[in-house]
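What TrEMBL records for this protein:
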type	residues	note
ACT_SITE	A:Lys212	active site, proton donor
BINDING	A:Leu18, A:Gly19, A:Leu20, A:Gly21, A:Asn22, A:Val23, A:Gly24, A:Ser25	NADP(+) binding site
BINDING	A:Lys112	NADPH binding site
BINDING	A:Glu197	L-homoserine binding site
DOMAIN	A:361-440	domain 'ACT'
Protein chains: 2
Amino acid sequence: MSAPVGTKTDKEIGVAVLGLGNVGSEVVRIIDDSAADLCARVGAPLVVRGIGVRRIADDRGVPTELLTDNIEGLVSREDVDIVVEVMGPVEPARKAILSALEQGKSVVTANKALMAVAAGEIASAAESANVDLYFEAAVAGAIPVIRPLTQSLAGDSVLRVAGIVNGTTNYILSEMGSTGADYAGALADASALGYAEADPTADVEGYDAAAKAAILASIAFHTRVTADDVYREGMTKVSAADFASARALGCTIKLLAICERLTDKTGQQSVSARVYPALVPLDHPLASVNGAFNAVVVEAEAAGRLMFYGQGAGGSPTASAVLGDLVMAARNRVSGGRGPRDSNYAKLPIAPIGVIPTRYYVNMNVADRPGVLAAVAAEFSQHEVSIAEVRQEGMVDEGGQRCGARIVVVTHQATDAALSETVAALSDLEVVQSINSVLRMEGTTE
Amino acid sequence: MSAPVGTKTDKEIGVAVLGLGNVGSEVVRIIDDSAADLCARVGAPLVVRGIGVRRIADDRGVPTELLTDNIEGLVSREDVDIVVEVMGPVEPARKAILSALEQGKSVVTANKALMAVAAGEIASAAESANVDLYFEAAVAGAIPVIRPLTQSLAGDSVLRVAGIVNGTTNYILSEMGSTGADYAGALADASALGYAEADPTADVEGYDAAAKAAILASIAFHTRVTADDVYREGMTKVSAADFASARALGCTIKLLAICERLTDKTGQQSVSARVYPALVPLDHPLASVNGAFNAVVVEAEAAGRLMFYGQGAGGSPTASAVLGDLVMAARNRVSGGRGPRDSNYAKLPIAPIGVIPTRYYVNMNVADRPGVLAAVAAEFSQHEVSIAEVRQEGMVDEGGQRCGARIVVVTHQATDAALSETVAALSDLEVVQSINSVLRMEGTTE
């Protein structure tokens, strides 16, 4: 550390770092390496008072005397002004953050899981203590999203936020799209390259993206949305055949987090937050976001469509976002001010998935005989789901014999409820052998 | 207006709007239309106290009693807390803003020309008065760029900013690229569609982009760069032939604003800010930014490469940026705080264009005989400019007769000085009939 440990002048800003993983190590390294620059930007030196860890050892790459496993003791230190929480998961982070806030410390956190379940409780604690609470790193790593939404668009009206906010699944889907690999093969590649965890459930089942969707929806619409409010479908069932069909339709497939403000016929507003794999037209800006990159598209009334793109994960990018928050919180400590506070004044109800209108792609195997297409089309029509495009192709077995047909239907906008009923009715049709997949199509509104 | 004019309670935030053009009208409209939302976000109602205009008339779409041509009187009003300057150009805006700041008003401005020449003077005045000065709308319209650079990346180290920051020229170049039109034709189209002014000089000669480059370089590198420090070349000489050659090289052509921090062998840092048309590889994120859209790519040490994309001009998008700044300034008025201040502590010297290493594209007509390519290559080699790629093709006249050859050379990185000498020497060669164009290539570093 560049500044002596434990000393305090009136001008130093004392920092407690909770967690010393990829992100925490980078945060501590940058505070040390960029001490002079950070001091100039803050107006006072940033000094790490201690680092909270589960295991104290002398091989952690930082002075051992900074390490402590007494988190509560660390955040309570009088010479700590700001607590940086990069340890996850929800507990013990929640307890440590609430304790820090109650004791008047400002808090910077990268903990998306926590902010997605307990933002209300934590924001209230920050409000009561009149201190800063920043969490830019919780969504899309280094990509500034929270600050543009809360500040740059503070005078505008956000209509919709749609993003690729999980690098693991985007890597897998990009691989499937470019190589024709199936899900299992692309997941194995991602694991081998370190892009997927040993247990990829949180990523591939959309839990991580849903946490981020909850945070994005909350700040975009000035309301409170928690992870449980987010409709969620994973991407493990997306097949190589879906990618082939998508390509024929001029699309690719992405796992999207979508937050939308809806207004019904009576003028009543509600908010929808949802995560699912969806077909995206190739000319949509999100279609060309590949590999482990993230991007968030924001549509606002006056600003129009904005896109933010960059690295959504990794130690360095996430540390960059944490450091930005830390410098802002520290500046406020120096100037006696406080950053923008939580404003969830809108208190919008959550729209159930059933009422959400989107377009759908349905891929099914059918009997290869006259009248089948008509029967299939009739089911859509009976449920008032309008068809935009149909593709039918014969299938051949390994011996080269015709063995049925595949029908791909793309609908105009319909509600989820109408489509679910259509799909149920289709599977009861004698001529339909199997419904292979049902995916939504986003990025077009016809 | 939703709130009565001229009244003041302790809780109202009084706003003076200077200018009632496209942007000013939108700002006033949104303050009125979104009064309840803005009040919830600010914590107090925003009330327009008056609108400064050159011409008072009753056809301006706002209550006539709000209009005044006494700008000085308006900004001096005791019930004005924040002055929004959207009138341009440098004067009388400079005088009005300085007067407002001296009287303790916070200032929001969209005036890029002013901020590019007088940022130092204005920032000092804001500092002395301890009030907010925001100018997000001065660069890239609604796209949040200033705030991400000053806040989100406050703990990171920015290496480079490269952007398409002028919609008019990007529209013209996109047209040339997609239709094969020449400059004059594409400019005529842009004018007809309202994308180009009657006198397009500020756009096509790069003055507008240079002003934005000065602002971006200043905030990205915590130093002071003015419009005069920016090396500038316009895009009026880019030809349809250049686009054809660019395409053959896997590139397109964009007018770029580039800001870079350089470190020489002794460790001395300097800053380069420059605007010129350049070849950009088609797989670079800026290559697919077309039409009147803007985009800014930021490369930072920890964050990696980030891109911000959206509408860079127009009344509504610019008003969105102005309103975001206004809400932040108003929140600070309510809470008694103050936003991040100017920090130009780095005080870096400006690197002259001669020392800047980039890649070049040189297109020339030569005599069609043996040995010419060798003679041309020898000149590059003598000036220590290394060639990456050469293309030679025969030219035919209208009668179908060979009438010379065209050589296109793409170099590896070389300094501007070395290349200028090479080009001078080439034009002295007897076998070189004409140097058709010299353009830089950005987005690759080989």
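Glycine is treated like the rest: Cβ placed from N, Cα and C.
Known features from TrEMBL, placed on the structure.
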{"residue": "A:Leu18", "record": "NADP(+) binding site", "DSSP (3 states)": "strand"}
{"residue": "A:Val23", "record": "NADP(+) binding site", "DSSP (3 states)": "helix"}
{"residue": "A:Lys112", "record": "NADPH binding site", "DSSP (3 states)": "helix"}
{"residue": "A:Glu197", "record": "L-homoserine binding site", "DSSP (3 states)": "coil"}
{"residue": "A:Lys212", "record": "active site, proton donor", "DSSP (3 states)": "helix"}
For the recorded positions A:Lys112, A:Lys212, the largest set of other C-beta atoms within 10 Å encircles the C-beta of A:Lys212
Cβ density check for A:Gly19 (NADP(+) binding site), other Cβ within 10 Å (all protein chains) comes to 24
Within 8 Å of the Cβ centroid of A:Leu18, A:Gly19, A:Leu20, A:Gly21, A:Asn22, A:Val23, A:Gly24, A:Ser25, the other same-chain residues by Cβ around the recorded NADP(+) site are A:Val17, A:Glu26, A:Val27, A:Val28, A:Val86, A:Met87, A:Gly315
DSSP tally for the domain 'ACT' (A:361-440), helix/strand/coil in that order, comes to 24 helix, 37 strand, 19 coil
Here the Cα-Cα span from A:Leu20 (NADP(+) binding site) to A:Lys112 (NADPH binding site), rounded to a whole number of angstrom, reaches 17
Of A:Leu18, A:Gly19, A:Glu197, the binding-site residues lying within 10 angstroms (C-alpha) of A:Lys212 (active site, proton donor) are none
Here the Cα-Cα span from A:Glu197 (L-homoserine binding site) to A:Leu18 (NADP(+) binding site), rounded to a whole number of angstrom, reaches 22
Mean pLDDT across the domain 'ACT' (A:361-440) comes out at 92
Min neighbour Cβ count (10 Å) across binding-site residues A:Asn22, A:Ser25 flags A:Asn22
Within 10 angstroms of the C-beta of A:Glu197 (L-homoserine binding site), the count of other C-beta atoms across all shown chains comes to 13
Listed in sequence order, the residues of the same chain lying six or more positions from A:Gly21 (NADP(+) binding site) whose CB sits under 8 Å from its CB are A:Val86, A:Met87, A:Gly315
Counting Cβ atoms within 10 Å of each Cβ, the densest environment among the binding-site residues A:Leu18, A:Leu20 belongs to A:Leu18
Whole-number Å distance separating the Cα atoms of A:Val23 (NADP(+) binding site) and A:Lys112 (NADPH binding site) is 14
